[in-house]
Amino acid sequence: MSMDIPETVSLRKFRDFSARQKQELYETLLELAESIDELPKKSLRKTLELTLAVLEYKGEQVQQLQESAAGGLSSDRRLQDENEKLKRMLQKLEDERDGLKSKAKELGEEIRQLELRLQEAAQQAEISDKDSSDPLSELDKQEQLLQNIDSKNKHIKRLLKEIETLQNQNIAQSKTIVLHERELQTIKANLVQLSQDITKVEQERKSLKQKEQQQALEITRLEGNLTFLEVEREKQEVEMRQFLDKYEAKSLGWRQALDDRDKEVERLKKQLEGKSISSGQTNSSNSQSQQEEEHAKLRQLLESREQRIEKLEEKIKSMAEEMVSSTRAMNQLCQEKERAHDPEQPRACCQMIEERLREATARCQQLSEMLEAAEQDNVLKSQQALHAISALEAYKRDEDGLIPALRRCSGLEQKVAARDKQLRAYIQELNSLHEVVQENELLRRKLHIPDDVVIMAKNVHSKQRNKDKQIERLTLKLRTSEELRLQLKLEKSELRRKLLELQQDSPQTLNESLQAPSEVGEVPHSVHLENSPRRGQGDGAASSEMQNRYDEVLAENETLRSGMYEILEKLREYDATSEHITIDSDLLRRLIEALPGGTTTPQRLQGQLLELKAREEALRQLLEQQNYSDSETGELSSVHSLCEVPEIAEEHPVEEDAVLNTATRPSSPTEATMGLRRPTVPDPEEKPTNEALAELSILRKHYDELRLHMSADGSDLMNRNQELHDQMIALELQLEQQRNSYSYMRRDYDQLLTETRKQELRFIDDKASLARQLEHSKSELCEAREELEQVNRRNLYTAEEQQKLEHRNAILSMQLGQAMEQLLGELKPTEICAEYGIIRENYQLDYITAQDFEEQQQELLTWRSKQAELQRETKQLEGLLHVANEQIHSQQRLLNEITDNHINLRHLVADLQSSSDEKLMLAKVQRDLDSVKAECSRLETEREKLQLKADCLQTQLEASELSLKQTQQDFQQERTNSDIKHKFLQHSLFMLKDKYAKFTPLVFLTNFVFAYQKFQRRLEEEQVQQRHRDHTALIDEVTAVVQAKIGLNEESSQQLVKLIKSETQTRLLEQRCEILQAKQEELVRELGELRMSQATDTEHWSTIQALFGEGEPRSQLKVDAETNTDAVAPNLAMRRAVQLIDRESSPIGSPLRKHPHLDTATQTLEAQVEFSETAVQTNGILSQQNQAVQTADAVEDNRRDSRAELQKMQETLQEANQRIEILGKQLEASRSESRESASPQGGVVEKTILSFHTLLLEKDQSIQKYQDLLQTERDQSQQALSKQVAENESLRATVNNLNFNIKTKDAEIQGLKEKLRQKPEVPVERNPSTDSRSSSSSDSSVNELTDEKIEELFESSSVERPPQEELEVPVEAGPENIVTEEPEGEEEKQDTEELKEVPTLHKQIKDLKDKLEYSERSLKTREEEVDILKEKLKLCQEREKSVESTVNPELDQLRIFLDEKDKHIKDLMDTLKNFHDDQQRYIKDTSNFSEDQIAKLAADLNRTEATNKIYHTQMEALRRQLANVTQREKQARDLSQSLRQQLLKRPVVSIKTELNARVKNENQLKRIQQLELDLDEARGQLQRQQTLLEAKRTRSANEVQLWEKQKRYQQQAEKTKARLEETELALEKTRALLQAARTTIARLEKDKQILESKLGRNGPPSNSSGGNNLKCCRTPSCPNLQHVGVSKFAPSPSESPETYTGPSSECSSPAHHHTQIFDQSQLDLIEALKSRIELQQRKIIAMELEGRGSNALTTELEKLQERCQAIEAQNIRLEARNLQLQLDSDLLRQGDSSDRLQKRIKHLEDYIMALKEEMARNESRRELGSGLKVSTNQGQSAEQTILSLRNLVEKLRSENKFLKDGRRSTESRSSMDSTPAEAARLQQQHAEALEKISALQQELQKRTTKCSQCGGRSKDAANEELKFIKEQLVKKTQLLQKAKVLLTRAAAKEKVLREQLALWKRKCSELQNVPVIDEISE
């Protein structure tokens, strides 16, 4: 069928097939491998096509499967996990199967051995049948068999014991495991406890930290208070001084007034005296009445004066007293000041406040404790009352009486007893289990079994059952044997009876002797012994020997008979159980005949006859003795009568013994017979004569005694009779007793008999069941045999052969494995993957058949079902166990409850018995409390259990997670391995050409690869040729076009310029192009080599993949992305073939199909690259290349980039070639023209001159245009700036208005404060903090502008200047012939940059507007706060009215409060403002943070929020609890009151004793203590939670602050980076411009020098013009001004745009000079121009094309020197700038600026001196040197300036270090709290410093004017520079001043705000008990 596949199935048919048919075809193709040689050659191709199609179909299937796998990964994982589980199950089942197989083998061997034994037994049986003539030998064999069985039984017993020991060990192990688990649980619990302890410790630590922080805050607050008090004290001192001054002035005034009065009094006295004398002299005649009136007047005046004097004296006294009091007050104040200064002694006010606080807190605590105690007492009393009432009611209803309680107690005791029994039983079970575990451990140790190994007990149990069955069988056999023995005994007794019947004809004596009552089977030997005392006398030695022999024979017969019976029974059993044992009927018949013959044996009859003979002999002897003593018959008869009683007494116990013997059967029949027989057999022959003589002597003694008796008295006889009578009574009693005992024993015997019968019946039943079991086992054995036979039939080989084969197979497999390992080591299995089949680790193969696989599947299903059943059973068992545990727990709980009830009842009984009702109540309460406590403890234990459970579950979860991870990892690894194996299998199918089969002709692959290589080479050659062809054609076309253009439009000068430009560009581009081309070629070559190597190494589909796998999509992409290039591709036909092969051959999906996302990524990457390439211009290709190299990580990306760049370069190269062609033609044309112009023709000369003039005019026009454009743009920017300035001004005005409003508000606040102060005498001083605050708030907006923006504005101005200077460089270099186009483009860029700066200014304006809005908002908030403060003020005033005694301190406190609150408000406003600014910045600059940081911060914030929420909820819950508690307390109080009333109403039952009261009090105290402890714990928990909350809040606040700081730092860093990048860009631009300008200027200057030298040779007028030139030229590259332009090439902030002037008429337009000289020396000028052009051409050709020559070298060196100098100067400037900024910042931080200013002045002086020295040197050099010396001087001067600047930088650095060190040492509070006097001093110093600076500046100006007069025009630039530097210095000083002012303000603000914050925090915490962080964070 396989031969006809190609005929029956074609490709078309195959495609129409269904999936099943395709699968069948695939399988048939796989089967083809066997019959591969039979295939005909013609159908090979078709089969190959078919196989390829099948493989393609399979590949598609694989791809679909992979897609589905990729789609449903989650389900796949689950399935894989299940698969893993099933694999493990399979592995286990296989292991078990192997074990079962091995067991089956062992059983088979055992069965064979048993069969052999059975055969041997059968043979022996046959032999025994044959040799049946000898029954003894048969018996021997039977005995041997029995011995074997016994040995087997012993072996079984030993095994059973071992199994038991193993089980015990197992149990012990399980117990130890349980113990270990418990230990583990305890350890876990301990761990949990430890972790809790750790958390507690951490919480305590945190609380301590918080306390420390609080203390620190308190310290800071106290320090603030101290400073405030100091300030107040100083104020009071000032006031006191003022007061004293006033009073002193007043006192002085009073003294002066007093003196005046005294003088007036004296004068008046003198006047009076004078008047009195004059009146006495002149008017003696006047009447007495007038004198009296005058005297009265004078007296009145004097009295009035005296009164006035007294008043004044009183006033003076009062003043003196006031002075004294004031001095005392002053002294007190001084003392207080000293005390305040003393740091150890605390202040009085603080002490008072602290003491009061302490007292208040102590009082509060006492009150709270009293309250709590009272409440607790109330609760307790209410509870007691309730319980008492309930108890009383119960008592009344007889529910709680004594009798029911006792009944309950008894019932409970019974229950307790029952529980105790149960517990004991459980304990016994547990002990037994422990013993089992110990036994198991011992057994494990003995057998060396490790603890981990689990031993299955099923087999052991089954074996044990079998052994038990065997034992039961054997016991049954024993019982049957015993029954047989019984039967034998019965038969024996029957025979004896028959014998006795036969011997009835014997004498009467015998009959009498035999008539004794006897049991069945008893030998009546006792009677004979009693009746015949002389039976031992008789025969001699011969008879005894015969008797012995006879006895031996009898015993042998008996043993043989019993053995025969046993053997017969065994044979019957064997016959029943086994098929093989067959007993002959003859043998059985013989045995049966032999056995009953034993009943009538002659031995027994002979024994009986002998006995009878012995008896007869004894009777004869007795008769003879009677005849001998005939005379003494009467005496003898009396003796006999006397002796009969003891004989009778001796007979009874013998009989009873006999009865007992019959009841107790002997174990073996032989022993019984012997025991019965030995005493019965008499030996009359053995009795000697001496015995008879001894008897006679005894009889004589008796006779003598009788005689004595007879001769004795009647009394003696009576006594003797009495004794005998007593003896007889005793004997009768004994007999009665013995009878009773006998009856009892008889009853017992009957019971035992019935029991034995029942047991026999049971044994019969058991026997029947065993027989059934035996039948069942037989059937099983038959089945096993059949199976064994089947196995034997299957296994054709014997066991030995099988073993040999297995051994050989193992050796071969080992060899094969080694060979495979070696082979795979050579083949590199990592590359090829793995072999086909089930691949092991050693790369061996196992093939499995379909049948085996199906069997395995079925087994798997069965095992799964079994597993499901087992799981179900285990679940059920677990459920049962759970239920049992719950029951146990419930029982334990019940027990506990019962015991508790029992105790309660006892208490109740005791309470009832006690007389007092209070005792009863207390007992009840105590019981309830105990029950509650028990309940609490139970709940606690349950909680702990739950915690443990949770921990266990957590650990289990973690373990499961770990295991899951591990399994996932294992699964991944296995999956990768399986994938590798799968791939290797697929590969190996196609690698069979070398190993197994030759149905796939893959030989053409190598040829194909070789052909492909050839094809590639041909393609490359063709491409190279095409390139060459295209190139030449293009050049031809370009040359033609250029010639046409040159012929028509262009002039020679323009051509020359273009030529030079294009040549330089093309050079550069060529070099770059060559480098990139080389790179690209190398990469392409490497790629090709790689592909070829891969193709040759791997299989055919891999080859195709390697060669063409990535070809199509990538080429398409390239065509789409790069429209200019064509992808290198083979022919269409070739590609089609490749596609067909790829589609048909590769069974694995191509990597392009597998990974579509990779393609998209590459597409996007390529697109990005292309986009960047299109955006970049031609001059930036190198930088772009570098970027590409940096960004590309893989070789593929590099290759793509290099290709793209190469294509670009090729384009640029083509353009350059075109340009070269054009320029070459232009050059040729210009040369020809120059040659033509060389001929002396006037017209041509005029034309050339005109062309030059036109060229210059055009250039001037273009320059003018650019200048106009620049001017317009500048005007526009100026307008925009002016607008912005106006806007800024308006904004500032608004800000000022707002500040004014704030000031008014502050004034209002001040007014309110003044109202507060009630003393009108003390002058109200305004608080400096408010002033500073108002000033700071007024300048806040300006400060913000100046702080943040001044530096940026200054930098922007300095950055704006250089581009303008750079723009003017090419403008000045305009009039020359050769002008580049690049600077113009640069100018445009700079203009656009200037325009770009406008939006930044707009942004600034927006920011200002935002700030304005914010300030308005803040004003509103301020107003609201003012209102609040007013309200608070009112409240404070009311309080002050109420509290009159403490007015002053309260006023001070209010003032402090107001200040603090203002500060706090300000601080909050600032923090809010900062927060808003940070938010806005963060929103603007989100890119500053990385995503990870943001995510972390967000997570932290979320966490903190969550924790805060949790804490809030906890707090709320606690509050609710508190509310509930309060409600309950209220209810309890009400209840207690009601109960008290009830108790009062109730009659008193009993009198309270002191003892009871004491006990009660003690109990109550204990309870109170306990409840207090509980309350303290609850409070502690609350406090802990609060502290935790506060800690969390502080942490979150700290985190927020850190975050804000980080944001600020990042923003600053970003700003600085941006500035740095801008400066670098500006530097690069200026460098490029300068390089271009230098090159052009250097060339022009050299040409100029040559021309001037030529002109100098020709005539004097040219010299004058040259001198003129030298005078007027002011370009930076001019050789006349080389010493001036030291630092011109790199623009600096010190240079302004005004230093450069526009192009002067003298210097910029050479046409002017030419027109002056044209008339005089026209021909000379033409010659000079010609020579100049020639020189230029030569130089250009020499420099640009060859790149060699001394001129080029010199120019290059000059360029390098200039660049070096420029860079060094710039670096120094930047360093100086950086140091300056650092110094400024340090200065601002330090706070004191006097030393800094002095040092700054000193540095400025040094700098001016250095500049003077430089100027002097320049002058001297200018006077001395010229020509080459000039250049050297220039270099030296540059070096000197650099050195001086470096020295300056060193000084600045040292100063910076000093400042940094100084700042660390001087930072303290004293520096922060600088007084106004110090500020004034600093201002004075600053003014002096400014004066010094101005003086120095004036001196400098004078010197510079002198220098300018001396130096002339050359010093102008230096003067301008100096002026600029001065301006800069002035600006800097101004900036410094502003910064200082701002810093001082900021420091003051900060201080005030800190104080405010501290106070506000304190107040808030005191008033509201709310943490301050909450307010800030919210």
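Backbone N, Cα and C define each Cβ position, glycine as well.
Range with Swiss-Prot annotation region 'Disordered', chosen from 1417-1442, 1859-1884, is 1859-1884. Per Swiss-Prot, the stretch carrying the note coiled coil among 772-813, 1108-1149, 1192-1233 is 1192-1233. Long-range contacts of the coiled coil (853-887) within the same chain: residues 86, 89-90, 93, 97, each at least 6 residues beyond the stretch ends and with a Cβ under 8 Å from a Cβ of the stretch.
Between the coiled coil (1501-1654) and the coiled coil (471-505), fewer than three CB pairs separated by 6 or more residues in sequence fall under 8 Å, so the two stretches do not touch. Between the coiled coil (76-384) and the coiled coil (922-970) there are at least 3 Cβ pairs closer than 8 Å, counting only pairs 6 or more residues apart in sequence, which means the two stretches are in contact.
On the 0 to 100 pLDDT scale, the coiled coil (922-970) averages 91 in the predicted structure.
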